[in-house]
Amino acid sequence: MHQWVVSPGKLNLFLYVTGRRSDGYHYLQTLFRLLDYGDNMKFFVTKNGCIRLFNTNNNIISNNNLVIQAAKLLRKFCFRSCQKKPGVDIILHKKLPIGSGLGGGSSNAATTLMILNQEWRCFLEKKVLMRLGLMLGADIPVFINGYSAFSEGIGEKLVSIFLPERWYLIIIPPIYINTTWVFDVYRSAFNYYSPYRSVEKLLNTPFSNDLEPIVKNMFPEIKKYFFYLSNYASARLTGTGACIFFEFYNRYLACQSQKYLPNWIKSIVVRGIYISPVHQILSKIKI
Ligand SMILES: C[C@@](CO)(OP(=O)(O)O)[C@H](O)COP(=O)(O)OP(=O)(O)OC[C@H]1O[C@@H](n2ccc(N)nc2=O)[C@H](O)[C@@H]1O
Ligand SMILES: Nc1ncnc2c1ncn2[C@@H]1O[C@H](COP(=O)(O)OP(=O)(O)O)[C@@H](O)[C@H]1O
């Protein structure tokens with residue numbers, strides 16, 4: 001796969017925490033919207049048996065990078081008993097801010113599993129890849145499933161949902177938020193779970209994010225952003241943050257609103273999509 005693949009970001013259009021599993025993970029009901037904006041990745045299969053990551057624009061290369069973990073997991077699963085193991089050189093050009101709630105790391109891991117499943121001729125079914133992905137992170141299955149979706153469980157129960165075309169103005173505060181911290185505080189300081197509701201009910205209720213008040217409390221800087229943005233329109237946090245987004249009917253309206261933002265606020269305008277660009281590429285390739 002010598003062409004660039006877009007590893008898309010996501011937004012959580014709503015997110016409700018409905019309980020907690022015995023292993024500490026929380027049950028969520030969330031609406032994932034995939035985005036036409038993401039990181040760029042390239043994959044070069046090699047015969048030297050090495051799994052290597054080259055990062056073009058920041059320093060997140062390390063052995064615990066989700067990209068390396070995903071490649072190693074797939075290889076272990078498919079080539080455990082083979083003497084000669086395939087290798088790969090992966091180039092990653094990050095555009096999605098890290099620890100932002102846009103799901104970049106999870107998306108990169110999902111893209112790696114999907115592309116290498118094909119390039120290494122593993123031919124695992126999607127549901128098997130999703131199970132492997134879930135071993136690395138709760139947000140990975142939605143990217144492997146490849147559609148904007150309503151999700152339950154910890155992220156593994158997915159129902160694809162076709163949503164009308166919308167554009168998003170995403171504000172990027174310069175803050176890194178660790179998902180584990182947010183859930184730790186949620187558990188210890190906020191003894192409340194949302195009631196479990198049907199997807200129909202949730203889609204017809206004003207959307208919100210249960211983690212937003214926690215994140216505002218933990219990060220006064222985020223609270224300041226919300227306070228400032230309240231002059232514009234109603235904004236929501238995606239996932240555990242730090243990004244904040246507004247929804248618009250078209251690109252023009254999103255860009256007009258972006259123009260009113262002061263220079264110190266970093267932002268992007270992106271389109272919500274139904275099918276992941278990775279799936280679109282894979283469906284065009286004949287093996
Ligand atoms: C909550 C979401 C919403 O999309 O937040 P973002 O990270 O995207 O902001 C995600 O499900 C995050 O998914 P992901 O980032 O893959 O999380 P993981 O690596 O699996 O988990 C990191 C940590 O978050 C907590 N965690 C995560 C997901 C979940 N449903 N319950 C949890 O309690 C656990 O403490 C876990 O150890
Ligand atoms: N390829 C990757 N891209 C981004 N983050 C990664 C990657 N691999 C591992 N990580 C780690 O995953 C964590 C979550 O990053 P990210 O997916 O960007 O956040 P979020 O889920 O909030 O959008 C960070 O601690 C980061 O260091």
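Along the chain as shown, the residues are counted starting at 1.
Glycine residues also receive a Cβ, built from the backbone N, Cα and C atoms like all the rest.
So that you can see what the record holds, here are the features copied from TrEMBL:
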ACT_SITE  Lys10  active site
DOMAIN    65-146  domain 'GHMP kinase N-terminal'
BINDING   Pro97, Ile98, Gly99, Ser100, Gly101, Leu102, Gly103, Gly104, Gly105, Ser106, Ser107  ATP binding site
ACT_SITE  Asp139  active site
DOMAIN    198-248  domain 'GHMP kinase C-terminal'
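Recorded features from TrEMBL, shown on the structure.
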{"residue": "Lys10", "record": "active site", "Cβ contacts under 8 Å, 6 or more apart": "Phe32, Arg33, Leu34, Leu35, Leu102, Gly103, Ser107, Asp139, Val142, Phe143, Thr238"}
{"residue": "Pro97", "record": "ATP binding site", "Cβ contacts under 8 Å, 6 or more apart": "Gly104, Ile172, Ala242, Cys243"}
{"residue": "Gly99", "record": "ATP binding site", "Cβ contacts under 8 Å, 6 or more apart": "Ile175, Tyr176, Ile177, Asn178, Thr179, Ala242"}
{"residue": "Gly101", "record": "ATP binding site", "Cβ contacts under 8 Å, 6 or more apart": "Leu11, Asn12, Ile177, Leu237, Thr238, Gly239, Thr240, Gly241, Ala242, Cys243"}
{"residue": "Gly105", "record": "ATP binding site", "Cβ contacts under 8 Å, 6 or more apart": "Leu66, Ile98, Gly137"}
DSSP-derived helix, strand and coil totals, residue by residue, for the domain 'GHMP kinase N-terminal' (65-146): 47 helix, 7 strand, 28 coil
Residues among the binding-site residues Gly99, Gly101, Gly103, Gly105, Ser107 that border ligand 2 - Cβ under 6 angstroms, in sequence order: Gly99, Gly101, Gly103, Gly105
Among Pro97, Gly99, Gly101, Gly103, Gly105, Asp139, the recorded positions whose C-beta sits under 6 Å from ligand 1: Gly101, Gly103, Asp139
Tally of DSSP helical, extended and coil residues in the domain 'GHMP kinase C-terminal' (198-248): 22 helix, 8 strand, 21 coil
DSSP-derived structure type at Lys10 (active site), helix or strand or else coil: strand
